[in-house]
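Peer 1: Before we start, here is the structure in question, set down as structure tokens.
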Amino acid sequence: MANIDIAGIMKDLPNDGRIPKTKIVCTLGPSSRTVPMLEKLLRAGMNVARFNFSHGTHEYHQETLDNLKIAMQNTQILCAVMLDTKGPEIRTGFLTDGKPIQLKEGQEITVSTDYTIKGNEEMISMSYKKLVMDLKPGNTILCADGTITLTVLSCDPPSGTVRCRCENTATLGERKNVNLPGVVVDLPTLTEKDKEDILEWGVPNNIDMIALSFVRKGSDLVNVRKVLGPHAKRIQLMSKVENQEGVINFDEILRETDSFMVARGDLGMEIPVEKIFLAQKMMIYKCNLAGKAVVTATQMLESMIKSPAPTRAEATDVANAVLDGTDCVMLSGESAAGAYPELAVKIMSRICIEAESSLDNEAIFKEMIRCTPLPMSPLESLASSAVRTANKARAKLIVVLTRGGSTAKLVAKYRPAVPILSVVVPVLTTDSFDWSISDETPARHSLVYRGLIPLLGEGSAKATDSESTEVILEAALKSAVTRGLCKPGDAVVALHRIGSASVIKICVVK
């Protein structure tokens, strides 16, 4: 960190229309699915729209997505679409007359794997068939977001029941979620419902990324790519590690995944609550070193579901995630079902800008270089050199001309102090044409990387490679000036290819 002094705390940041480098993911729901509200969220700073398939039908989500497309068209703001799978869940069963039951501390209760029974104070059911085989006396069962703790006393496989003691007094409703901390659960990462959601809704709708719930090992991602088949190339996989098994296998998951989500909700039931900060820092640090985008999620501005201002702890939590190195911060209930979705995005955006202004980007750059094994790949060497050049020349912007977006993502890995304009260049096929992007996918994929601003440009391309590059670069700089990213007289670092050679150059904005 840098720039920490009393004057820095007292002075306001200049109100020059700056946008945060950190990206904002918003979960869409009842509070945020109309066209006017989606336009407000896009203008406030939403970069990724999350569709949570734990709730809602395909028709419901389709209506929301159609509205989002209209809002994007109206505002001319690009937004990526994320499908978040429900994943393999264990839930408690239905209750007699549908009424919640009262559990008392010290009372014993039987848990059955027969999901057809209607539960009461003596017996409840759970949806996991192998519960009796996987649990042993002394294990813990957490129900309803951890509000109820049951300790296993004995297991009876023939009858399919587990005898438990209740450790606290609480009320249990129907179909509440269940966690089994430390137990290796034999459930597929991709359930039949998930496959249906992805193949029947996600693929036809050209979604950009899938957030996979409860990823436990690297092979889970290999299997999901098999399910996606030919679509695996254009849909990014974002892994959510939500249990101990996933934490233990973190390195192999990171190798296989495209990006990552620190989903602190379920993880907080699986590991002690006082260790969550440690897991968050470890995951973000490793993602940063691997150059893979990471999203920090769950309860970031939770109180804003009902209140127009976040708690001090929440504001600090968002800022600390930025200081840890997260690429994106996420809103869940705040934007999906809260009373102040637009305000939540605006406040989150302001906190991110403030946190970013206190970062020591040069120290981060040096740490990245120190931790990257040699020899670097030619592309990585180029990307890091572009950032070093921008830091030394005090450039105001880095412009990257890229085909698939991977060069721009590598530049983002080295965390320059300035924004990165990622211009996705179409492949030249004819002598001259109006260049516009045939496929926006690479541009939308870059919306989860800190500091990356994708540009979909139009202009005319000349016959030769170097001439066309100059035209594209000129158009990109014009667009950057219009957006307020730089002004005439500023130095800008450009990174692009000419033929088979890669070039880094410093241009002065005209």
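Using the three backbone atoms N, Cα and C, a Cβ is placed for every residue, glycine included.
According to Swiss-Prot, the record shows the following:
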BINDING   ARG50, GLY265, ASP266, THR298  substrate binding site
BINDING   ASN52, PHE53, SER54, HIS55, ARG91, LYS176  ATP binding site
BINDING   ASN52, SER54, ASP84, THR85  K(+) binding site
SITE      LYS240  site 'Transition state stabilizer'
BINDING   GLU242, ASP266  Mg(2+) binding site
Peer 1: Going by DSSP, give the three-state secondary structure for ASP266 (substrate binding site).
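Peer 2: The three-state answer is helix.
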Peer 1: Counting only residues 6+ away in sequence within the same chain, which have a CB under 8 Å from the CB of GLY265 (substrate binding site)?
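Peer 2: Non-local contacts for GLY265 (substrate binding site): ASP145, GLU242, ALA297, THR298, GLN299.
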Peer 1: Specify all same-chain residues, apart from the site residues ASN52, SER54, ASP84, THR85, whose Cβ lies within 8 angstroms of the center of the Cβ atoms of the K(+) site, ordered by sequence.
Peer 2: ARG50, PHE51, PHE53, HIS55, LEU83, LYS86, GLY87, ALA211, SER213
Peer 1: What same-chain residues, at least 6 away in sequence, bring their CB to under 8 Å of the CB of THR85 (K(+) binding site)?
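Peer 2: For THR85 (K(+) binding site), the qualifying residues are PHE53, LEU190, THR191, ASP194, ASP197, ILE198, ILE210, ALA211, LEU212, SER213.
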Peer 1: Within 10 Å of LYS240 (site 'Transition state stabilizer') (Cα-Cα), which of the binding-site residues ASN52, SER54, ARG91, LYS176?
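Peer 2: Final answer: none.
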Peer 1: Among the binding-site residues ASP84, GLU242, ASP266, whose Cβ has the fewest other Cβ atoms within 10 Å?
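Peer 2: Relative to the other binding-site residues in ASP84, GLU242, ASP266, ASP266 has the fewest Cβ atoms within 10 Å.
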Peer 1: Taking the Cβ of ASN52 (ATP binding site) as the centre, how many other Cβ atoms fall within a 10 Å radius?
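Peer 2: Other Cβ atoms within 10 Å of ASN52 (ATP binding site): 20.
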Peer 1: Just the number: how many Å between the Cα atoms of SER54 (ATP binding site) and ASP84 (K(+) binding site)?
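Peer 2: Distance (Cα to Cα, whole Å): 8 Å.
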Peer 1: For ASN52 (ATP binding site) and ASP84 (K(+) binding site), what Cα-Cα distance in Å is obtained after rounding to a whole number?
Peer 2: 5
Peer 1: Considering the binding-site residues SER54, THR298, which residue's Cβ sits among the greatest number of other Cβ atoms within 10 Å?
Peer 2: THR298
Peer 1: Taking Cα atoms as reference points, rank the binding-site residues ASP84, ARG91, LYS176 by distance from ARG50 (substrate binding site) and give the first.
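Peer 2: That would be ASP84, the closest of ASP84, ARG91, LYS176 to ARG50 (substrate binding site).
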Peer 1: What's the CA-CA gap between ASP84 (K(+) binding site) and HIS55 (ATP binding site) in angstrom, rounded?
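Peer 2: Checking the Cα atoms of ASP84 (K(+) binding site) and HIS55 (ATP binding site) gives a distance of 10 Å.
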